[in-house]
Amino acid sequence: MTAQRSTTNPVLEPLVAVHREIYPKADLSILQRAYEVADQRHASQLRQSGDPYITHPLAVANILAELGMDTTTLVAALLHDTVEDTGYTLEALTEEFGEEVGHLVDGVTKLDRVVLGSAAEGETIRKMITAMARDPRVLVIKVADRLHNMRTMRFLPPEKQARKARETLEVIAPLAHRLGMASVKWELEDLSFAILHPKKYEEIVRLVAGRAPSRDTYLAKVRAEIVNTLTASKIKATVEGRPKHYWSIYQKMIVKGRDFDDIHDLVGVRILCDEIRDCYAAVGVVHSLWQPMAGRFKDYIAQPRYGVYQSLHTTVVGPEGKPLEVQIRTRDMHRTAEYGIAAHWRYKEAKGRNGVLHPHAAAEIDDMAWMRQLLDWQREAADPGEFLESLRYDLAVQEIFVFTPKGDVITLPTGSTPVDFAYAVHTEVGHRCIGARVNGRLVALERKLENGEVVEVFTSKAPNAGPSRDWQQFVVSPRAKTKIRQWFAKERREEALETGKDAMAREVRRGGLPLQRLVNGESMAAVARELHYADVSALYTAIGEGHVSAKHVVQRLLAELGGIDQAEEELAERSTPATMPRRPRSTDDVGVSVPGAPGVLTKLAKCCTPVPGDVIMGFVTRGGGVSVHRTDCTNAASLQQQAERIIEVLWAPSPSSVFLVAIQVEALDRHRLLSDVTRALADEKVNILSASVTTSGDRVAISRFTFEMGDPKHLGHLLNAVRNVEGVYDVYRVTSAA
């Protein structure tokens with residue numbers, strides 16, 4: 001031992017120190033040899049950070065050592081990129097380090113290509129997945145590999161960061177979850193969250209930190225009550241607060257539609273006992289202190305989740321009437337909950353020095369339900385593609401399997417209804433669905449399906465049959481939601497098309513104009529192109545939906561025919577939305593001067609709403625006035641085609657000048673958000689002209705405010721004031737046409 005310690009490479013000392021705590025008799029010479037080979041093979045390679053590439057496999061090995069993995073796994077981790085990224089062959093690696101290490105390295109290499117989408121030969125996939133299920137260390141290495149990559153992701157280009165973060169959320173984090181590796185899963189999710197939604201992440205962090213003092217006081221009170229009662233009941237246990245995970249908080253805000261203040265996970269405790277019987281006794285103690293909430297007790301000790309996770313969960317009405325989540329488990333169960341399948345690798349008991357897995361360890365792994373399911377799928381799948389699809393589904397969401405009357409299997413998300421089933425069969429079957437029979441009995445269309453049920457749907461033969469708007473309230477599958485939404489969007493477009501045609505006819509007749517001469521295919525196509533619509537039908541639809549007014553289109557048609565004098569000015573301002581309110585000005589002073597032409601009439605263009613500080617240009621209108629635009633106005637290119645009409649203009653604001661400003665506010669939706677933002681604006685003494693807010697499906701509120709202000713230099717202070725409103729993660733100026 002002493003000799004071995006003295007010859008260990010200093011770079012490996014941290015890894016060796018952690019590994020020795022669990023495996024004091026581990027053979028460290030093979031670790032040393034693996035590091036030397038990896039260091040030599042990666043010698044000419046650098047990470048994106050500029051660090052030597054060897055730092056990556058070394059970091060992965062350290063993560064696995066902290067998880068308690070065996071020596072063989074650490075060796076494979078050190079070598080896991082050599083076959084793919086260097087000239088080192090799998091045959092040479094296997095000959096030097098043995099079949100077990102070779103199998104692990106080969107599995108990690110193939111898993112990279114398969115699960116994340118690259119092509120691979122069918123039978124190779126089947127063999128690799130089978131081996132993966134029989135030796136889950138392949139999966140554990142892959143998860144650790146991605147964890148280190150996510151920790152160092154800041155050195156990659158933003159688009160690659162986003163792609164990797166999405167892969168991590170969709171595949172790797174769920175994989176860690178299925179392996180029971182909770183601590184790794186949470187870190188992967190939070191790292192991905194910070195990359196994909198940085199502003200939302202920062203706002204959640206800020207909100208959690210803001211509640212920390214009151215939360216800590218509350219938890220201290222709860223912990224003291226539990227500890228005192230457990231001690232009085234002679235139950236030996238440790239009580240601790242549970243860590244907060246930002247992605248989990250954000251998901252609950254979205255999926256359950258909760259405000260931040262209503263999320264139970266912010267207040268939770270964990271009780272760690274010595275014996276299983278003490279866990280059940282501790283539940284009794286907790287329920288004697290506070291009223292349990294109905295339906296919130298889960299016994300994962302008797303029925304382990306995924307065959308790995310064991311714990312008792314309960315939610316009670318705690319002090320001050322707040323929901324309190326409590327987890328109760330033994331210390332061994334907690335180690336498994338944190339490290340999952342990795343916690344089973346205590347090879348000092350399960351494995352001999354010859355590197356062979358003992359039968360008792362193999363049986364322990366085989367008890368894991370998800371691993372058995374992988375092997376079952378491998379046996380049943382007709383081809384590797386079918387098998388891989390099953391794996392992808394299982395990683396993504398909880399699924400149920402139901403049958404058609406002919407015995408075909410349909411996979412659906414948990415909570416699906418006969419309508420989801422109908423759309424899974426075919427889009428037209430979904431659209432025409434009018435009833436359903438489950439296991440031979442008629443059921444309501446909103447009835448939730450369960451595993452193994454036989455579902456039959458009835459369809460309408462009416463030519464105008466279509467979905468009901470009510471279905472949107474209970475379908476859960478993405479396919480059904482998308483198809484129903486597309487149906488009604490198409491229906492609305494058709495109605496808007498006819499409405500738009502009628503509006504155009506009324507507007508032309510109101511002006512006493514020749515309808516046939518003015519509104520024809522050629523002239524309307526020209527205006528559609530000018531207004532950036534795909535075709536004439538799209539233009540009519542936009543009119544019917546109120547995106548552009550019929551009056552504006554008629555004015556453009558007149559300009560095409562050389563009609564009214566102000567046609568070109570209308571062209572310059574065609575992007576002004578019909579809903580933008582007019583500015584009630586108390587003065588004609590727009591704060592702009594024209595060098596060499598004092599007293600000339602000027603006005604600020606509505607399409608880009610310039611304010612002092614913006615770079616501007618003047619455009620001489622047909623009436624002799626000057627329209628002032630930002631140089632980055634959406635209409636700048638068309639204006640500059642008439643260079644003779646572009647003139648210099650300068651800002652010259654006076655105390656009486658008033659400017660129109662529009663801002664967009666993005667925030668995590670909550671009760672009274674609009675009221676609080678409006679109050680912040682009012683406190684800044686601006687005259688609010690209009691406000692609108694829309695809320696997306698992911699609980700993000702997008703608000704638009706248009707207001708008048710005298711001194712735009714004050715805008716930065718105003719934006720900061722709005723940004724300080726709770727839940728707001730971004731606020732910025734937009735043009736009125738944006």
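Each Cβ is built from the backbone N, Cα and C atoms, and glycine gets one as well.
Checking the candidates H56, H177 against Swiss-Prot: the one annotated together with H80, D145 at the Mn(2+) site is H56. The DSSP breakdown of the domain 'ACT' (662-736), given as helix, strand and coil counts, is 23 helix, 33 strand, 19 coil. The DSSP breakdown of the domain 'TGS' (398-459) into helical (H, G, I), extended (E, B) and coil residues amounts to 13 helix, 25 strand, 24 coil.
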